[in-house]
Amino acid sequence: MDVNPTLLFLKVPAQNAISTTFPYTGDPPYSHGTGTGYTMDTVNRTHQYSEKGRWTTNTETGAPQLNPIDGPLPEDNEPSGYAQTDCVLEAMAFLEESHPGIFENSCLETMEVVQQTRVDKLTQGRQTYDWTLNRNQPAATALANTIEVFRSNGLTANESGRLIDFLKDVMESMDKEEMEITTHFQRKRRVRDNMTKKMVTQRTIGKKKQRLNKRSYLIRALTLNTMTKDAERGKLKRRAIATPGMQIRGFVYFVETLARSICEKLEQSGLPVGGNEKKAKLANVVRKMMTNSQDTELSFTITGDNTKWNENQNPRMFLAMITYITRNQPEWFRNVLSIAPIMFSNKMARLGKGYMFESKSMKLRTQIPAEMLASIDLKYFNDSTRKKIEKIRPLLIDGTASLSPGMMMGMFNMLSTVLGVSILNLGQKRYTKTTYWWDGLQSSDDFALIVNAPNHEGIQAGVDRFYRTCKLLGINMSKKKSYINRTGTFEFTSFFYRYGFVANFSMELPSFGVSGINESADMSIGVTVIKNNMINNDLGPATAQMALQLFIKDYRYTYRCHRGDTQIQTRRSFEIKKLWEQTRSKAGLLVSDGGPNLYNIRNLHIPEVCLKWELMDEDYQGRLCNPLNPFVSHKEIESVNNAVMMPAHGPAKNMEYDAVATTHSWIPKRNRSILNTSQRGILEDEQMYQKCCNLFEKFFPSSSYRRPVGISSMVEAMVSRARIDARIDFESGRIKKEEFAEIMKICSTIEELRRQK
């Protein structure tokens, strides 16, 4: 039977059908190949928006830099980055006037954070540019490498373990005439295999010392590595995102802490809150505008879009903002906060892997690394690429492009939100001094603007004034992509408002289904997603029940664990049937062991093991939850685990789910192929860290200890702890005299070895 899809919508109010137009089903698009082209686009575009600025040359690195600040006022509607310092400062002053004490209080809060933050804050985060190896690494490894290099170059303030002291080392490192680093490299050689007598390539990993002069080190310290942003839906073209190195990260963290503290106190800020809290905040602003627009007044809302927000922002403006916000604060604090924008004014963008060429006739492929783009003959490239390279050449130094204007994606979300809110704040009648007034919401580059006025001319005048004010601060509202409606219908950060927020359910679609972590976690996450959507996203009981049945079906197909009494044949069905027949209480079997599903929409909050515990056979309980079972790598499982959910837009969300450690909570082993690459040295380092930490936690099982800092104290702490524990055990008769003597001997040997080293 053919169903006419329009029939589905006969009973649905139009605004609820919005979610069906979102591109969120199916797999999102991923990028392949290099991001070099996208990065060059970003660099060239950013310079084009600021082209009427002043060119200077960085005295330390020799990089050409473009400064658009206080540049010509725009005469057309083209996007531009010519922010006016005095306007930004005035906007800040008015923001403070409407919120007395806001900057002062946020500075005090931030100062406290600065003094308490430990350096391991920087281990959070995924890929980070590792300047010692000149490529991306997991954050923890990149930090460890940086600290190792700092220490071998005589920079030791970081040993206190405070982030602020690590940053002192960063500052000192920039004054050094040279830095010595250790790099990993591969040697390949052809050798004959004794068994097969064939020639094989043997790879060995070496480490070599390398000296960087001041200029090379500064370039690396100021480099942002670039990648292509993956899994972006609803876009035809990919775009580049940046990941900064460890030198910049700590400074950015403190600036964002200050800005976050300010945003929390601003009613128009959509950050740092999210979810229902954000919806409540937004609804408040709308309510205020609707109740204050008397019967005589019109109220309109713009669903706003800004053109290339990041590329028109400027770190120099952020420096001006910070200088103003911290004006009455101690010198050291002002200095710490001003370093991030200064580093960003001198940043370099690494162009990525370069280009891949292939010759169809000769079956050859060759990689042109980014470093060669400055000198290579352009006849090999197509027109568009040739234009890009020609444009970017004057900016190139060692495979990186000088990029002074613009902020790369996602670096100063909070601070740029403060800038946006400062314009919304200017819409109060006491500032507009006329009949129109405005208010709105700002979340990074996304905004909604509500304008009230006695008539349509007033609304138009208000929008125009807002538009021009934005231009003065380097913000470009897109006239093509923004649209205006009577207040009551608008969209903001993918929340659709229609006399209240409409659930945009399609955005949650990607999180339904089996996550693929392991049988235990997947069951738990699957039901938690359904539960959360019933709470937050208007998922009704009937639909939820259906979602649950589909999930169980999906789960059984994924793990081939169909019920023990089913006819479906899979690789596991022989084992599962055997278990089914031996089990007295079949309802007690987990779904992943071929048991029935006992979940319904009322008990989604209970972990499956708990739900079925009373129904299980005793020997099944014993096997399922046996910590001595050799097949389980039991991590110490906390009662609440975190899964990283990728919602359809915005950052990955942490989702909590209940976890019960069973034989189904396995952790897959690492892929072997990494062991043959130059990453192997890094992997060994990581395992060494892991082993040391595990050993340390064996000695100090309580989680209440403060981590000791510096390598010496760890060993000493473990030795002294071993001696104390051994004495207690010996005196209470838990160990024999010989064992006690042996432990003491081992402790002395360890200390002796440390002294010799």
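The backbone N, Cα and C atoms fix where each Cβ goes, glycine too.
Keep in mind it's a predicted model, so treat the numbers as computed, not measured.
Copied over from Swiss-Prot, here are the features:
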COMPBIAS  55-64  compositional bias 'Polar residues'
DOMAIN    286-483  domain 'RdRp catalytic'
REGION    53-82  region 'Disordered'
REGION    249-256  region 'Promoter-binding site'
MOTIF     187-195  motif 'Nuclear localization signal'
MOTIF     203-216  motif 'Nuclear localization signal'
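Only residues 6 or more beyond the boundaries of the region 'Promoter-binding site' (249-256), in the same chain, are considered here, and those with a CB under 8 A from a CB of the stretch are 110, 113-114, 117, 119, 121-122, 125, 128, 163, 166-167, 170, 318, 322, 336-337, 339-341, 343, 411-415. Mapped onto DSSP helix, strand and coil, the motif 'Nuclear localization signal' (203-216) counts 3 helix, 11 strand, 0 coil. Here the motif 'Nuclear localization signal' (187-195) has long-range neighbours at 201-206, meaning same-chain residues at least 6 beyond its ends whose C-beta is under 8 angstroms from one of its own.
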